[in-house]
Amino acid sequence: MTLFKGARETFADGLIYAPGYLDIREQDALLAAVEAAIEVAPLFQPRMPRTGTPFSVKMTNCGALGWVSDQERGYRYQAEHPETGRSWPAIPVLALRAWEELGDYPHAPEACLINVYGPEARMGLHQDRGEADLTAPVVSLSLGASCIFRWGPTRSGKTQSLELASGDALVLAGPARLAYHGVARILAATSALLDGDRINLTLRRVTKPKR
Ligand SMILES: O=C(O)CCC(=O)C(=O)O
Ligand SMILES: [Fe+2]
């Protein structure tokens, strides 16, 4: 495994933050790869289980499996796009590199969820726990507008905040793997890339590898 040698900060609860992980050229290249993926796998609007309330974030995926949610069947991973029925496109190489350099995990990721936030979009505090192998990290990359990212050990308790900017990486692993986290708001006029929108990619291992 190659290790990223740039700056990184580990918070007390195990959350690893690598600011500026992607330089400007890499951000442009990753954005181009995301745009190509959206051509094949169009953005969809997921809905909350039971209530059917739409998320304010639009989504798509890359990889063997993709995260989807609708009113009837709720949160799940599946191999097909929920609207086109087609398989998901391949995970961008720069995202795979981030998994290898930052993830400290010996198996490949299976899903790369792509979240697209408009200026008013946000994501409530939640845990990522739909994956069978919770020893695997979640590796996140951000592009475009900055956001206020929040996390804490419980849903209702105290949270800490971090401003995530374009090119930043974040890893939820070890004691932070099941941290509650979310996006409190998007910060206007923080990036020329994407004109006020924000894109976040999260790489995930979904199934338990055969050992
Ligand atoms: O947009 C982010 O930074 C976080 C996204 C997230 O938590 C998720 O997709 O589960
Ligand atoms: Fe999450």
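The backbone N, Cα and C atoms fix where each Cβ goes, glycine too.
According to TrEMBL, the feature domain 'Fe2OG dioxygenase' maps to 108-207.
Here TrEMBL flags HIS126, ASP128, HIS181 as Fe cation binding site. Every protein chain shown contributes to the tally, and the Cβ of HIS126 (Fe cation binding site) ends up with 11 other Cβ atoms within 10 Å.
It is ASP128, among the binding-site residues ASP128, HIS181, whose Cβ has the fewest other Cβ atoms within 10 Å in the structure shown. Mean model confidence of the domain 'Fe2OG dioxygenase' (108-207) amounts to 96 (pLDDT, 0 to 100 scale). Each residue in LEU125, GLN127, ARG129, LEU172, ALA179, TYR180, GLY182 lies on the same chain as HIS126, ASP128, HIS181 and has a C-beta within 8 Å of the C-beta centroid of that Fe cation site, without being one of the site residues.
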